[in-house]
Amino acid sequence: RWLAGLAVLRGLHLMLLLLGRTVPLSFVHRVTTCCPSSLSRPVFVSSVLIKLRTTTSASYSTVFVSAAGQNTGTMPERRPFVRLPTDVYPVNYGLCLKPDLIDFTFEGKLEALVEVTQATNQIVMNCADIDIITASFAPQGGEEINATGFNYQNEDEKVTLSFPSALQKGSGTLKIDFVGELNDKMKGFYRSKYTTAAGEIRYAAVTQFEATDARRAFPCWDEPAIKATFDITLIVPKDRVALSNMNVIDRKPYPEDENLVEVKFATTPIMSTYLVAFVIGEYDYVESQSSDGVTVRVYTPVGKAEQGKFALEVATKTLPFYNDYFSVPYPLPKIDLIAIADFAAGAMENWGLVTYRQALLIDPKNSCSSSRQWVALVVGHELAHQWFGNLVTMEWWTHLWLNEGFASWIEYLCVDHCFPEYDIWTQFVSADYTRALDLDALDSSHPIEVNVGHPSEVDEIFDAISYSKGASVIRMLHNYIGDEDFRKGMNAYLVKFQHKNASTEDLWDCLEQASGKPIAAVMGSWTKQMGFPIIVVDQEQVSDDRILKISQKKFCASGPHNGEECPNWMVPLSICTSEDPKCTKLKVLLDRPETTITLSGVSPDQWVKINPGTVGFYRIQYSSSMLESLLPGIRDLSLQPVDRLGLQNDLFSLSRAGMISTVEVLKLMEAFVNEPNYTVWSDLSCNLGVLSSLLSHTDFHEEIQEFIRDLFTPIGLELGWDSKPGEGHLDALLRGLVLGKLGKAGHKPTLEEARRRFKDHMEGKQVLPADLRSPVYLTVLKHGDSATLETMLKLHKQADMQEEKNRIERVLGAISAPDLIQKVLNFALSEEVRPQDTVSVIGGVAGSSKHGRKAAWKFVKDNWEELYSRYQGGFLISRLIKKHPHNLTNCSLYDFQQISPNKSTAVDL
């Protein structure tokens, strides 16, 4: 669910992401390849620097401005929207569903205990793609009244049930019989195709209700604030597994058909409709218990139970961590995690039944390190929602950012606790923090908190501003408050609002009371206005004091902010010195445009750094002398990895905004030649990918490839191709990244070794380790021909693991020949690619080359009707459009409006 913007350009490999998730996990598939032992030592070539010196920073800026400029197309007005009336509300849903896995329909019976708050002769509910057969209302102790009409408002996805006489104030039972379709759109109650071990195609029935699709499974009050309890019964084939939010309390033969069973589940806690879930299919499972007594199961395709063990390990560690962190126990007796074949999002936090893509499955021999890390993070994310989102739910979708931003932050806290060897907080800065900064610097950004009205608008805010910027400002808030007071405030919030709904302001109140700090005032400046500041810093030495002159102004990717009114933020600033780079010497709250700060006891030979740990959500522009003093900290590694990364990333962003010369950034990058940290290299790789993509339109493209080869060769030599004793998770990630970068840049020894290893892999002589597959596949495809592509497509067809299929799908776009690029695009819409993965294939083509971008955009336009029909305006279609840099131009915006004149409200351009 990601915006396009400059993030699309953040390195060619970034286009090869696993595109699912309710969670921002952009670093996961940055791993590409590793480095040959036959590399020669590099000689830094200055030709690229010499040639780029002839390009002024102004003209360099112009290249970027074309990607950051404002969208001037005319978008349609917001659709009018009125929330459901409050004169009738549900207390309990008694729901029975009988899906037909052959004809793809379902029958349903709803008996809802409701409360009438004022007399009315109609009931308004949400309903979409459902046909109501009969409806009646029986007041408590009174006679049943049959509804005389069903008025469907299809645009608003509502139905009005009309009754011949007024329903009086008090309790009653609403009964509705209805039928619906098990659709193939991956939303509501839908069918998911899978193949048995014998090769037979079968279907499961599964659900995805967030944000507003419970109404496609049963008529309901489908708003997050209208909570109720649920008693769910499923009538299913007796040889199928049936799951729902709660544990099974009864399973008995269905009297009308001996091939069916009736499965009844325990009553849920009071909850929102979007968190209801049920799954019917064929699954195996592995089971354990958390240390606090909760039964945890991971459901997998039949025969693949072993591949659920890693997720089970993560879940059983995660639940006790959150129990302890929130000081609130998990309220359900069980939690199930299940891998679904066809699933649009990366995962969904349904209370007690969390659904995932099949990327949840980890094969010890065939899964790479980045896949393990993705599973750890996404399990941490979804289980955090069991408290923050499920137990306490946002009052309306306007507050979605808090749900997702919080979970996107605390997933890292959880993984850092469970897997400290991942160095996950440094990865957060590269994966979420810098990504959010890039997108939020665009004129097309939006505030974190967006006023949401019509349901069609909800999917549009499942983006990197809600997730990644949301997570980044919560990380800054946590640092500003301190962990102890933050936990105290979180506990107060969860206890006060458990089983209820809350707004952003409710959380700020609890944190303010716990910390005594002006949380609402500080955070309002970050959530209610788009963008962020650049902190401009200069210094002066006076005796043993360092005088810092600090100012803030809005940072824009298109260049210095020239608006009449410049917004201000309340900025928590931290400052450290070279005396102890890990220790904050001073904290201040910058609540005005500029200020002066005195640091006592700082000698002239010490450097001063703003934002240690790269926690504050802002860019920094140092004076020349301050920047020069920081450079030795990069070379001798005395600066923390996260700060080396942040310094480089800030400078690169300043250069693409035209505020400094690109040459200065390339000179800085040379200082990283001895860099040992994976995440720092990952961020360097992203930024060089941006530059490479831009220079593909110029005469400098080969020079930047040479620069990349020279920069990455020493670390490639050091790592080699094969893992060594004592190496860990980060070494595997770094090897894959470096080899992929060298291979794509055309480093001959890497290319030769990749081809040799790929040949051995295909001939069965030596199977490629999982961590080397992406870089090898990418390298041979980038420099391959039609035979290479055919071999890769054959490998895809033979793959038994979805992870391997996805790995291949993400790199197919690297092929260079125009006719082969078209073949890959056609493959994206074939039966060989699962519907949710089509976006990955097209995105891989769009991110591969100048020709790939043009071909992908033409393909999307030519196949728009099929793509729109496939995704029905959900966030996958939005993500597909945002994958294309061309959508940043007025010309292609016009193109888009021509192919979709009446559907553009579904895509937040």
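Using the three backbone atoms N, Cα and C, a Cβ is placed for every residue, glycine included.
Quick look at what TrEMBL lists:
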- 310-526: domain 'Peptidase M1 membrane alanine aminopeptidase' (DOMAIN)
- H381, H385, E404: Zn(2+) binding site (BINDING)
- E382: active site, proton acceptor (ACT_SITE)
- 607-882: domain 'ERAP1-like C-terminal' (DOMAIN)
Distance check, please: Cα of E404 (Zn(2+) binding site) against Cα of the residue listed as 'active site, proton acceptor', rounded to an integer number of angstrom.
10
In sequence order, which residues at least six apart in the same chain have a CB under 8 Å from the CB of H385 (Zn(2+) binding site)?
E349, N403, A407
Take every residue in the domain 'ERAP1-like C-terminal' (607-882), average their pLDDT values, and give the whole-number result.
91
If you draw a 10 Å sphere around the Cβ of H381 (Zn(2+) binding site), how many other Cβ atoms fall inside it, taking every protein chain shown into account?
31
